[in-house]
C-alpha cells in the first residue's frame, strides 16, 4: 500500500509539473512576432502569493529590449505552451486538467521597456466558463484554458480602438482551478508583453491595482470545480467596454485557427544599441542589435528568437534543446 501510494503521489506530482505553462509568443494582426517582446518568466510555475508584485508580470527571466507595434482596434493573439520555445501542438498548451479562465489586461506606461507594472490595469478580454449540458461536474464544462488547448495555445484579443496611443504592458493570465477548493489553491500563470499602440483615441478606462485585482476568498478564485456548477464569476474587474469576450467552448477563429509557425514570416524588431559582452557557446554569435539577457534569463533554445547575449558576468548554458539560460 505504501509503495502504491508513493507511486501514485509521484505520478500526480509529475503530471502537475508537466501541466505548468507560460504565455510565450505574440501575433499582431496575424503577423508572428514570436517571443521578441515577451517578458518570459524564469519558469513555467504559477505565482502562489496573490499579494506579491510578481502577480503583475511573473518572476521575469528575460526582459526584452524591443516593443511590438500594435494598432488600436487591431487584434493580438497570445500564445501559451508548456515548455519554453516549444510551439508544437502535440501536447496541450496547459494540460493536467488545469481548467480555468483566461483574461488579458493592459496598463498605460511611459516606457514599456522599463515599466514595472505599478500603474493601473484595465481588463480587455475574458474567456471564462460555460455549462456543458452533457457534463456532470465543473471539470466537464467549457473553460477558457480548454479553448487554449483546442487552439494550439492561441487566444485572440481585440485591442480597444479608443485607448490612447503610446506604450503599454499587455498582461495575459490563465488561472488553473484544479486545486482551488481551498484558500490559496488557485494557480495563476501570467506573462507581460511590451507593446506600442498607434492610432488610438482619448479614452480613460477605469483601472485596478495588481496585486489586488482579486483575493484568495473571491468566489471565482476559491471554487470547487470537481462538483456540479451552476455559475462562475471570473476573477478581477469587468472587461472594459472597448474590449471583448469569448464564449467558452466556441470554435477557434481567425489567427487561432489559421496562424501556425511558418504561416507568416516572423517580423524581426530592432532593439536599442547597447554595450554588451557576447556569451560563448550559444551558437548565435551574439545578439542582434546588442541587446542583453540578465542572469538566469533565457538566451537560446530551439525556436527561441530573443536576445542571445548574456550580461557581463554570466554565460549562456544549454539546459536542454528548448531552453538555454544565462548563469
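Just so you know, glycine gets a Cβ as well, placed from its N, Cα and C.
The signal peptide annotation in Swiss-Prot covers 1-19.
Taken from Swiss-Prot, the feature Cu(2+) binding site applies to 20, 98, 189, supported by similarity to another entry. Residue 189 (Cu(2+) binding site) falls within a strand segment according to DSSP. For residue 189 (Cu(2+) binding site), applying a Cβ distance below 8 Å and a minimum sequence separation of six or more within one chain yields 20, 21, 22, 23, 44, 46, 47, 58, 80, 94, 173, 174, 175, 176.
Annotation comment: Swiss-Prot describes 68-192 as disulfide bond, evidence class similarity to another entry. According to DSSP, residue 68 (disulfide bond) is assigned to a strand segment.
Among the features that Swiss-Prot reports, O2 binding site is placed at 178, 187. Within 10 Å of the Cβ of residue 178 (O2 binding site) there are 20 other Cβ atoms, across all protein chains.
Annotation source Swiss-Prot lists region 'Disordered' at 264-284.
Positions annotated as compositional bias 'Low complexity' by Swiss-Prot: 264-280.
Taken from Swiss-Prot, the feature domain 'CBM1' applies to 291-327, supported by sequence analysis.
Taken from Swiss-Prot, the feature N-linked glycosylation site covers 317, and the record attributes it to sequence analysis. In the three-state DSSP classification, residue 317 (N-linked glycosylation site) falls within a strand.
The highest number of surrounding Cβ atoms within 10 Å, among the disulfide-bonded residues 68, 192, is found at 192.
Highest local Cβ density among the recorded positions 187, 317 belongs to 187, counted as other Cβ atoms within 10 Å over all protein chains shown. Here the C-alpha separation of residue 192 (disulfide bond) and residue 98 (Cu(2+) binding site) works out to 21 Å. Per-residue pLDDT, averaged along the domain 'CBM1' (291-327), amounts to 70 for this model.
Taking the binding-site residues 20, 98 in turn and counting surrounding C-beta atoms within 10 angstroms, the largest count is reached at 98.
A separation of roughly 9 Å, to the nearest angstrom, links the Cα atoms of residue 98 (Cu(2+) binding site) and residue 187 (O2 binding site).
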